[in-house]
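Per TrEMBL, the features are:
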- Arg92, Glu207, Tyr317: N-acetyl-L-aspartate binding site (BINDING)
- Asn99, Arg100, Tyr193, Ala194, Thr195, Thr196, Arg197: substrate binding site (BINDING)
- Glu207: active site, proton donor/acceptor (ACT_SITE)
- 248-327: domain 'AstE/AspA barrel-sandwich hybrid' (DOMAIN)
Amino acid sequence: MRCVCPSRALRRQTACMLSEQFLKLLKSMTSCCVVPKPPVRKVAIFGGTHGNELSGIFLVKHWQENGAEIQRAGMEVKPFLTNPRAVKKCTRYIDCDLNRVFDPDNLGQTVVEDIPYEVRRAQEINQIFGPKGSDDAYDLIFDLHNTTANMGGTLILENSRDDFTIQMCHYIKNALAPEHVPVLLIEHPHLKYATTRSVAKHPVGVEVGPQPQGVVRADILDKMRKIVKHGLDFVHLFNEGKEFPSCTIEVYKIMEKVDYPRNKSDEVIAIIHPNLQDQDWQPLNNGDPLFLTLDGEVIAYKGDCTVYPTFINEAAYYEKKQAFVKTIKMELTAEHIRSSVVDQNTS
């Protein structure tokens, strides 16, 4: 008895059916791994946290007059000038650094006549955009800063476990490729920043330089503007239901602040070595020059591992006794995410 083989058309049909079944199975398995996240409806863009960092100030003032560029369907985007008195005087701050006082002690401090202006202002900002740590707090805050250091367009993260902001950074980096967009992770057990943006559930710093204090450079402003645009585009896509598969990004994790060499009178006695100047994010190895005294002595880096300095010779950090910060490279991985609104609509 001769075996009758199925026709070529039947074999094709069977293969297609098996393929469709496999794709459905694969899709169901993939959807099980998706982590639903709340939609991001309230977004703020802060400028003027430091009154002499002008790119964010110019952009926020522009967007307050004409906000069409930053508006996206399904969410509120509020441009806000955080330190108006410092902006008016074109100085970093009036009494103290606004970007360091969003801690429980300052936010809970009793308002008296001699309270520092920035502490009072922090409490006002916390009332408008917070309270910090509450369900009512804004979902996302972009805090716009300039640096005199050669950091390019840097994104600053505060939480290594925030899938949403890691995914956003991944999106922005891809949108701006091949341009280098470093991500600085300031999560540290002992270095507490208490930033203005930390009021939000998802705080994101945007640090763009080099730009002198009290100056606006068109190229630096444009770089900042593009970062914000792509960040808002990401939020819009997320709210619309787009899924973002698991991703991994390279970040620079802050390890230590390094001061200038000083004498017994606490005066700086050495400056950033020319080989280090403007080399933000570049590898620094044992024996590489760090500082140069006015007598010509080279002070070298002594360390067991390669580090990546940034905020090199930042003008605002002389008062903070900081010549640069040491970082190490590491990777952060975000879960596969989508807005939980999609699940609610399909249930």
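Just so it is clear, glycine is given a Cβ too, placed from its N, Cα and C backbone atoms.
All TrEMBL annotations are machine predictions without curation.
Everything TrEMBL records as a feature, shown here on the structure.
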residue	record	CB count, 10 Å
Arg92	N-acetyl-L-aspartate binding site	21
Asn99	substrate binding site	25
Arg100	substrate binding site	17
Tyr193	substrate binding site	20
Ala194	substrate binding site	17
Thr195	substrate binding site	25
Thr196	substrate binding site	31
Arg197	substrate binding site	28
Glu207	N-acetyl-L-aspartate binding site	24
Tyr317	N-acetyl-L-aspartate binding site	20
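A distance of 18 Å separates the Cα atom of Thr196 (substrate binding site) from that of Tyr317 (N-acetyl-L-aspartate binding site).
Sequence-ordered, the extra residues of this chain that approach the N-acetyl-L-aspartate site, with Cβ no more than 8 Å from the Cβ center of Arg92, Glu207, Tyr317, are His50, Glu53, His145, Asn146, Thr147, Thr148, Phe311, Glu314, Ala315, Ala316. Asn99 (substrate binding site) sits 13 Å from Tyr317 (N-acetyl-L-aspartate binding site), counting Cα to Cα. The residues near the substrate site, meaning same-chain residues not in Asn99, Arg100, Tyr193, Ala194, Thr195, Thr196, Arg197 whose C-beta sits within 8 angstroms of the mean position of the site's C-beta atoms, are Thr49, Leu98, Val101, Phe102, Asp143, Ser198, in sequence order. Residue pairs drawn from Asn99, Arg100, Tyr193, Ala194, Thr195, Thr196, Arg197, the listed substrate binders, are separated by up to 10 Å at the Cα level. A straight line from the CA of Arg197 (substrate binding site) to the CA of Tyr317 (N-acetyl-L-aspartate binding site) spans 19 Å. For the pair formed by Tyr193 (substrate binding site) and Arg92 (N-acetyl-L-aspartate binding site), distance between Cα atoms is given as 16 Å, rounded to the nearest Å. Mean pLDDT for the domain 'AstE/AspA barrel-sandwich hybrid' (248-327) in the predicted structure: 97.
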